[in-house]
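Student: From Swiss-Prot, here are the annotated features:
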type: ACT_SITE; residues: Asp166; note: active site, proton acceptor
type: BINDING; residues: Ile35, Gly36, Ser37, Gly38, Gly39, Phe40, Gly41, Leu42, Ile43, Lys61; note: ATP binding site
type: DOMAIN; residues: 29-313; note: domain 'Protein kinase'
type: REGION; residues: 334-353; note: region 'Disordered'
type: REGION; residues: 362-395; note: region 'Disordered'
type: REGION; residues: 392-503; note: region 'Interaction with MAP3K7'
type: TRANSMEM; residues: 482-502; note: transmembrane segment
Amino acid sequence: MAPRRKEKYKLPVPLPEGKILDDMEGNRWALGKMIGSGGFGLIYLAFPTNKPNKDARHVIKLEYQENGPLFSELKFYQRAAKRECIQKWIQQRKLDYLGIPVFYGFGLTDFKGRSYRFMVMERLGIDLQKLLDQNGGFKKLTVLQLGIRMLDVLEYIHENEYVHGDIKAANLLLDFTNPDRVYLADYGLSYRYCPNGNHKQYQEDPRKGHNGTIEFTSLDAHKGVAPSRRSDVEILGYCMLHWLFGKLPWEAKLDDPVAVQTAKTNLLDELPESVLKWAPSGSSCSELVKYLMYVHNLAYDDKPDYQKLKKILNPDGVPLGPLEFSTKVQSVHVRTPAQQKVDSPKATRKPANEFPAKFPKKVHRETRARQREEQEDSQPTMLQSRPAAPENSRTRKIHEYSDIFSEMQSLQQTPSYMSFQGSYCKPYLDCTRRDPIRKPRSLPRYRHTPTGNLGVTDLESSPRFWPAIFQLTLSEETKADVYYYGITIFCLLIFVFLALYFL
């Protein structure tokens, strides 16, 4: 029995993770982590008890049994979206896929004296609203492709006597394993507009007015008329405007449903000038204008010409390619399943500037140490007044080398292997930025200032380097210092080579 319609539905008490649910076909499902909630129900990751998988490929949507939206969605899948029916449609229409989520089962369960209804669905990826929030809008080609994919879905569900009624970016989700596929989800407001082949009659009911998501809902819904096929294609038109420009003409009036209804009426009545005047200068939206003009001329019970609508959105018949959710400012990376593992915290917290190879990591540490040395040379007072930060052994060794060389004041060195021009590890590099990666500056050379009667100015280039050292006339104290530092440097070099070998 269908639950009674209520104005507001109660959000159910969450079920414990690990609870086993039995569907009507005898399949057993283990609840995983709760990943979402809506105005009426909760969404959990789920695992078949006989096939546990770290990458959860199923979700369970549940609500109190007396609630209504999940019941409506369940009836839609049972009547219109069985897997074998979808596959048959794909073959007949020669589609590569159809963007309707796969339905696996349903059932009832009890918890703390309350009865819950649940349904098992395939797991999908990120929704388009999150991508839209990051971008502010999509590329025109992406918007047109999304429209064509949604027309494929709408044609199928309309042929099976249903309308969706709530098309929006939050209800469009990318495939979990293939982000170039998009699915229309959430059929809680789906409506059987043509039961047993008899189309509902046009009848306005102010008590049911402004139903749906106010930004995108159709003029029929504003008037309290039951949704029809033209309602769905009209809603899709508003969505495409929003995806392309990141805004709608009535977005400042959302607190006043009547004002939104008036703005939509004016937009459709004054096409094409209304859209062309409102759209940003230099933008091209002729396809959307033609689409809305066609939709506006549909009668309440007309069947849309889906092929004509797709031809309007793709007049050249270009094959549909990958979906690109990016703008001129940034590019959104849609994660693959390997990056979406729900029970692997390391995968979700991976630093943006982490490099996979060992050698670049070492270069990064050395470059940071070099930058610190340069800052100490240029701002000694600031560094002395600032608390010392913890250093690793590699950094301490570099500081020791600097102290030794400054005390000896007798050697001139060229940059070591740490300063090679091919380095791409700029100090404190933010790898999430799209700025060109700049090469690090070379290490500063230690210049020798001649003092006393020493005649050697470049000991490295001298062919008699070590004989010159032993022929120098030095005091006993200076000789002791030279031997001491020589042994120290030799030992430190051994430690450095050992450290590099085992890193």
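Even glycines carry a Cβ here, placed using N, Cα and C.
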Student: Summarise the model's confidence over the domain 'Protein kinase' (29-313) as a mean pLDDT value.
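Tutor: Averaged over the domain 'Protein kinase' (29-313), per-residue pLDDT gives 94.
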Student: What is the separation, in Å, between the Cα atoms of Asp166 (active site, proton acceptor) and Ser37 (ATP binding site)?
Tutor: 17
Student: For each of Ser37, Asp166, count the other CB atoms within 10 A of its CB; which of these recorded positions has the top count?
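Tutor: Counting Cβ neighbours within 10 Å, the top one is Asp166.
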Student: Between the binding-site residues Ile35, Gly41, whose Cβ has more other Cβ atoms within 10 Å than any of the rest?
Tutor: Gly41
Student: Please list, in sequence order, the residues in the chain of Ile43 (ATP binding site) that are at least six apart in sequence and whose C-beta is under 8 Å away from its C-beta.
Tutor: Met34, Ile35, Gly36, Ser37, Val59, Ile60, Lys61
